[in-house]
Amino acid sequence: MESIKRNKNRQSNIELLRIVLILMIIMLHYNNGAMGGALANIHSGTFPYYFVHFTESLSSVAVNVFILITGYFSYNKNKIFISKIARLVLLMIFWGLSLSLFTMLVLNPALFTIHNCLKMVKIAISQWFVIIYSILYLLIPYINTVIRVISKKNYQKLLIIAIFFFYIWPTFYTSTTSNDAGYGIVNFVCLYLIGAYIRKFQTAKIAKWKSFCVYVVLSGITMVFSLYFENAWNYNSIFVLGGAVALFEFFTSLNIKYNPLINTLASFTFSVYLINVNGLFNKYLCQVIFHSNEYWQSPMIAFNGIIAMIGIYVICICLEFLRSILLDKKIFKPLIKIVKGTIEVQ
């Protein structure tokens, strides 16, 4: 859990955005066919079908916005601390192992098989977002050396090239230029560059409601595409990228005074993600605790989805709060302090 001092230094409008984004990710996992189960079980043409496609389209921007935030606030750093990566990896391993074991041994012993144990270990040490984000974090000082010296005109040319080949091309043509659906380092570096550009060169703020309307319209286009094309929700879709930028612009334009509740809740964001992304535990929460499987063919799926999203968020915060109280001082912080390396580029 981040310190009070650090929370006070953070802008509450961006912290509110982090909360909104993690709620979106919880909704994505509620819809996920292997977790909440909706996408694998809804029937075409029904209300649940359109509701799931609508919420999936609204929420598909979440990961991209997180990386935009990183670029926006880190573009002028020339030094990074390896201890930050150590903390991310340690939390990933802890929650990956502990939640999977708890689910298999206590919540649903029938899941305790050799296959699931091997799967548990693999997930615990290789959660995709943590790995790719850690790589991006290591690259930050080197990326920033380019950002510091590049002119605005050349920066714009760079972004045009990147957006054309890594977003427009795979959206409308083939995946030749980007075949990982935006889950890889190329998308993360591009998003970082876009976030940094907004911070460094954008002098005039876009009207907040104009940005919000653009986000809604692009999400609507994404939804229409999702009815016909499998790649509509890819993170390297030009519509998902545009929606992410628009939503980010909307929140940066908000004028919210420091709010301790918002900043404190936002400090749990990364751990909430790690808890929620655990497939075994998430499936138990969605289908056993919140009975999502009973609403796949019901118009009440909207109500159940919202209740599950908020309920899972609260459960994840409570679990992370307990971890921080019981284990931070005696285990996590001493282990993280062992890692003292830095990467600095002058």
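Placed from the backbone N, Cα and C atoms, the Cβ positions cover glycine too.
According to TrEMBL, the feature domain 'Acyltransferase 3' maps to 13-316.
Tertiary neighbourhood of the transmembrane segment (50-73): same-chain residues 14, 17-18, 21-22, 24-25, 27-28, 31, 38-39, 42, 129, 133, 136, 182, 187-188, 191-199, 215, 219-220, 222-223, 226-227, 232-233, 235, 237, 240-241, 243-245, 247-248, 252, 301-302, 305, selected by CB-CB distance under 8 Å and a gap of 6+ residues from either end. What TrEMBL lists as transmembrane segment is 50-73 (among others).
Here TrEMBL flags 85-107 (among others) as transmembrane segment.
Among the features that TrEMBL reports, transmembrane segment is placed at 127-146 (among others).
Here the transmembrane segment (158-175) has Cβ contacts under 8 Å with residues 150, 181, 186-187, 190, 193-194, 197, 231, 234, 236-239, 241 of the same chain, all six or more residues outside its ends. Annotation source TrEMBL lists transmembrane segment at 158-175 (among others).
According to TrEMBL, the transmembrane segment annotation covers 181-199 (among others).
Among the features that TrEMBL reports, transmembrane segment is placed at 211-229 (among others).
Beyond the transmembrane segment (235-254), the same-chain residues lying 6 or more positions past its ends with a Cβ under 8 Å from any Cβ of the stretch are 13-14, 16-17, 20, 60-61, 63-65, 68-69, 72, 163, 166-168, 170-172, 178, 180-183, 186-187, 191, 194-195, 198, 205-209, 211-212, 214-215, 218-219, 221-222, 225. Look at TrEMBL and you will find 235-254 (among others) tagged as transmembrane segment.
The transmembrane segment annotation in TrEMBL covers 261-281 (among others). For the transmembrane segment (261-281), same-chain residues at least 6 beyond its ends with a Cβ under 8 Å from one of its own Cβ atoms are 1-2, 6-8, 10, 12, 15-16, 18-19, 21-22, 25-26, 29, 34-35, 88, 91-92, 95-96, 99-100, 102-104, 107-108, 111, 116, 120, 123, 127, 129-130, 312-313, 315-317, 319-321, 323.
Per TrEMBL, the feature transmembrane segment maps to 301-322 (among others). Listed by sequence, the residues of this chain that lie at least six past the ends of the transmembrane segment (301-322) yet keep a Cβ under 8 A from its Cβ atoms are 1, 22-23, 26-27, 30, 36, 38, 47-48, 51-52, 55, 265, 268, 271-272, 275-276, 282, 285-286, 289-292, 294-295.
A Cβ distance under 8 Å defines the sequence-distant neighbours of the transmembrane segment (85-107), meaning residues of its chain 6+ beyond its ends; these are 116-117, 120-121, 123-125, 127, 130, 133-134, 137-138, 270-271, 274-275, 278, 280-281, 284, 288, 323, 327, 332, 335-336, 338-339.
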